[in-house]
Amino acid sequence: MNGALVIAIDGPAGAGKSTVGRAVASQLDLEYLDTGAMYRAVTFAVLRRGVDPHATDEVARVAEAIDLVIDDDGVFVDGVDATVDIRGREVTGSVSAVAANSAVRSEMVDRQRSWVLEHGGGVIEGRDIGSVVFPDADLKLFVTASPRIRAERRVAEIGGDVDEVEASIIERDRKDSTRSDSPLLEADGSTTVDTTGMSIDEVVAHILTMLPAEGADDRSTVR
Ligand code: CDP
Ligand code: CDP
């Protein structure tokens, strides 16, 4: 029924994209893809092989070579379970450098488009989904919240010092927003959802009111 429905969710670190994206996908019986996990998985592979995250060509070769599986059981890189490690401090500290590599992005975007073709649409979440990967998505959202609130939510989830987490979030957003290839931005035609002061359920309910009408013939074609 939701054959080729594509919902693109972008936004800064810790805004609630994954939580809300998963819930929206489940409500609509769609598949969900966390593209941040893909860039984190490449970073995990780069660090594991002892490659410098800034070594452009070597990092690109890792991205092109890795076998990457993301499913309900976790994130697997060349058969190794990386589910926990991709969220760790080491990967988080290097992921923006790896994600700024154009060859890495090109490889990941190809894989993301293939995934959507294979799954007949879905909810896809990241930084450049509405601007680069699926500019013709049926619904394009920019989910955000104040840096302080995002840091407080992260600390409630995984612990840490709020000031430190906030500083690290602000720095990662700065790197992601100022890179030359596919920077984090509010894509043309996207709707901003500021979740500061909103619960997860409120955000999900709000997003569900924005869907194109069932059967509308202006739904995008997945290419
Ligand atoms: O979960 P969190 O918001 O902290 O980050 P994430 O969505 O897991 O993304 C991790 C990093 O991957 C980001 O900081 C970006 O550098 C990169 N990323 C990207 O460049 N493009 C995407 N479509 C998704 C993530
Ligand atoms: O994917 P992204 O980095 O944008 O954020 P997330 O991992 O989905 O959410 C970060 C944390 O904020 C999680 O612990 C969510 O449960 C929480 N959250 C919240 O408390 N209220 C919201 N409206 C959205 C997310």
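Note that Cβ sites are derived from N, Cα and C of the backbone, with glycine treated the same way.
Nobody curates TrEMBL annotations by hand; they come from automatic prediction.
Keep in mind that this is a model prediction, so the values were computed, not measured.
TrEMBL annotations:
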type: DOMAIN; residues: 7-210; note: domain 'Cytidylate kinase'
type: BINDING; residues: GLY11, PRO12, ALA13, GLY14, ALA15, GLY16, LYS17, SER18, THR19; note: ATP binding site
type: REGION; residues: 173-193; note: region 'Disordered'
Tell me, if you would, which residue among GLY11, ALA13, ALA15, LYS17, THR19 (binding-site residues) has the fewest other CB atoms within 10 Å in the structure shown?
THR19
With the Cβ under 6 Å from ligand 1 as the test, give me the qualifying entries from the binding-site residues GLY11, ALA13, ALA15, THR19.
ALA13
Give me the mean pLDDT over the domain 'Cytidylate kinase' (7-210), rounded to a whole number.
96
For THR19 (ATP binding site), what is the secondary structure state per DSSP, taken as helix, strand or coil?
helix
Additional residues surrounding ATP, by Cβ distance to the GLY11, PRO12, ALA13, GLY14, ALA15, GLY16, LYS17, SER18, THR19 centre under 8 Å:
VAL20, VAL143, THR144, ALA145, ARG150
